[in-house]
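Database features (TrEMBL):
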{"type": "REGION", "residues": "1-61", "note": "region 'Disordered'"}
{"type": "REGION", "residues": "91-134", "note": "region 'Disordered'"}
{"type": "COMPBIAS", "residues": "98-109", "note": "compositional bias 'Basic and acidic residues'"}
{"type": "TRANSMEM", "residues": "151-171", "note": "transmembrane segment"}
{"type": "TRANSMEM", "residues": "183-205", "note": "transmembrane segment"}
{"type": "TRANSMEM", "residues": "226-245", "note": "transmembrane segment"}
{"type": "TRANSMEM", "residues": "276-300", "note": "transmembrane segment"}
{"type": "TRANSMEM", "residues": "312-330", "note": "transmembrane segment"}
Amino acid sequence: MASLNDADQDGEVKDAVEPQEQEPPECTQEDASKNEGLGNNPNFSLAAHEAGNPNSNAYISSDYLRYNPQYGKEQDGPTWSLVQPLPHIVRPGMRHGALPEDRKEDRQAGQDPDPAAAEKQKEQAPDQPNDGIFNTWSRVRRYLREPMAEWLGTTVAMTIGLSATLSNFTSSGQAGSYPAQCVAWGFGFMVAIYSTGGVSGGHLNPAVSIALSVFRGFPARQTPKYILAQLLGAITAGGIAYAIYHDAILEVAAAEKVPQSQSVAAQALITAPKPFVHLATAFFTEFVGSAILVGAIMALGDDGNAPPGAGMNAFIIGILISVLILALGYNTGGCFNCARDFGPRLVAVMAGWGGHLFRETHAWWIWGPWCADITGGLVGALLYDMAIFTGGESPVNYPKRRRKRALRVKTVHFRKKLGIGRKKTRDLERSIEDLEEQ
């Protein structure tokens, strides 16, 4: 008995000295995500991206979805929005098999589903409105929602910016300052992008829409609609700001004993190079500012780089606009947006300031806000894609053969729409077929 007790005691001592081996706990998905956040995943970026839906816990009435069937549904297509990472799409130039048989498969995939399955789904669907159209205006808005959002966003952004600029100039700095004016422009665009970015993308700038069309696959047929909406928004904003500060503009012009078009208010409504600034310097100033702006927008929309958290894109773009106007605005007024100059300039002409506003400084409004800003935006996007972006939706990353094919296809479509050069069009079509057979 003594030996048995001694053996039991020895066993207990051994167990106390040598702990028993335990199986490691299973690593759950939550633990894995924590490990990634702690750095166990070999991603050495200090700007990790973790976005969530801020409205995921919002209360939804049981009858709300019945009368608002569009709520919560997935988007029918991509949105090139400035408030979130840009979409990844397959463009003709990146499709490795853009051949007739591949296009046949694409057409088959896009055909209508089986009628029997569709009828069964229709029988199972509840008796409720499924189109979200309740009146005539809803029907109109359904087809004009994106352009109307661009118009509204541009109107809001430029009304804030123009009003702040007029307040500063007409008060001789008593009701504002140049830095405050820059902040107003940036925060005006920030508010506008937050307000409309989920619908139209919140481009609010023709240079941005054109750059997204060339380098990110934004539909080319939508680009003219967006630009027209942005110009109309700028005209609306110019009219609103002019109406608000009309009395102040008259007072300043009377005090200076000059026409309104020669008063300091003109410097607030329209942009122009300073008299001592060389024309090449003015062009280069707008070019550089627009290149930085569009290049930064491409970087913020690149989820393969290090995009900010959810909802921060518009805030950063607003700060960037403020900084660009503050840093580069002295030479030319800091336009960096074709619509920002054209809309108020047209309003000033309609207000009787004179058509010479479109001829001043060798027609600055054409080669400055239009040529310099658009080319600068394209070059800024090109430089970002050449240096950093690896996505296939950029023409920079097209295979050489696909790049040639995409360019010729666009040329053929353009010639067919205009009805010009039929012989040349047939030659281009044959060259496209030759490229597909290679």
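Quick reminder: no glycine exception, Cβ is built from N, Cα and C everywhere.
Just so you know, TrEMBL annotations never went through curation; they're auto-generated.
Scored by C-beta pairs under 8 angstroms, the transmembrane segment (151-171) has its highest count with 226-245, from the stretches 226-245, 276-300, 312-330. Using a Cβ-Cβ cut-off under 8 Å and counting only residues 6 or more beyond its ends in the same chain, the transmembrane segment (226-245) has close neighbours at 146-148, 150-159, 162-163, 166-167, 170, 200, 203-206, 209-210, 265, 269, 338-340, 342-348, 351.
Beyond the ends of the transmembrane segment (312-330), by six or more residues, the same chain brings 82-84, 178-179, 181-183, 185-191, 193-194, 197, 202, 274, 285, 288-289, 292-293, 296-297, 300-301, 336 to within a C-beta distance below 8 angstroms of the stretch.
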